[in-house]
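K.L.:
Have a look at this one before I ask anything.
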Amino acid sequence: MTIVSGHIGKHPSLTTVQAGSSASVENQMPDPAQFSDGRWKKLPTQLSSITLARFDQNICTNNHGISQRAMCFGLSLSWINMIHAGKDHVTPYASAERMRFLGSFEGVVHARTVHNFYRTEHKFLMEQASANPGVSSGAMAGTESLLQAAELKGLKLQPVLEDKSNSGLPFLIACKQSGRQVSTDEAALSSLCDAIVENKRGVMVIYSQEIAHALGFSVSSDGKRATLFDPNLGEFHTHSKALADTIENISSADGLPLIGVQVFASKIH
């Protein structure tokens, strides 16, 4: 998760990652194939039944004595890079191997480096946009930063969803409000799922209040099955027809209401 407001610049940048002493076993990330380990965040039944492997960006760094810091954009881009490289086998074994690499010291360093580039670019663009502050400026800066960070991985991302409410936001509004009640806009959620299935591979971003959270996605060639990687929870495989429910369950498990969404279609340069 990344803060998309002007406060992002207040986080110090890490240009290098150094290993220190590992945290106690109780605070370390378990093996991604061991679903029953009590250190994992508990999943709702709807997600646990489609889980291929587990992951948690908040504790994987503990295994290497590295300070915790959100790196969902870096992890999602690393995951998509593996998918493009042909490592897209949809089996619990292959999924666990992908998660093990992402959680390894090398995987964390790669993800943190890319995410730090994203964070630094975002800070720079936010400073440029300071003359016109607001959610729109922050979101635009975040979009451009993600596109540039993807270039480091040899990926070309293209945002495909467009908000039609003249809000000026570079994402699709995914909620509707009735009085004090805010609920998911089913039409927007349907557009999100259609974009994922149509574009096959890429990064999905959830915009929730002042937080942006990135997930990777990959869809089978026939469009019938989808794999989602959430850096907070792990890898999930579902029928495309159940994609909307899966995304809602993930956002609920993450505690991130779907305020806005964007799909960044991914291609290799």
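Placement of Cβ uses the backbone N, Cα and C atoms for every residue, glycine included.
Quick caveat, the model's predicted, so the values are computed rather than measured.
Features from Swiss-Prot:
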REGION    1-39  region 'Disordered'
COMPBIAS  13-27  compositional bias 'Polar residues'
ACT_SITE  CYS72  active site
ACT_SITE  HIS213  active site
ACT_SITE  ASP230  active site
K.L.:
Where ASP230 (active site) and CYS72 (active site) are concerned, what is their Cα separation in Å, rounded?
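P.N.:
Counting only the Cα atoms, the answer is 8 Å.
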K.L.:
Express the distance between the Cα positions of HIS213 (active site) and CYS72 (active site) as a whole number of Å.
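P.N.:
Between the Cα atoms of HIS213 (active site) and CYS72 (active site), the distance comes to 7 Å.
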K.L.:
Among all the protein chains here, how many other CB atoms are within 10 A of the CB of HIS213 (active site)?
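P.N.:
Other Cβ atoms found within 10 Å: 22.
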K.L.:
Neighbour count, 10 Å Cβ-Cβ cut-off, for CYS72 (active site): what number do you get?
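P.N.:
Result for CYS72 (active site): 26 other Cβ atoms within 10 Å.
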K.L.:
Would you count the other CB atoms within 10 A of the CB of ASP230 (active site), including those on all shown protein chains?
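P.N.:
A count of 27.
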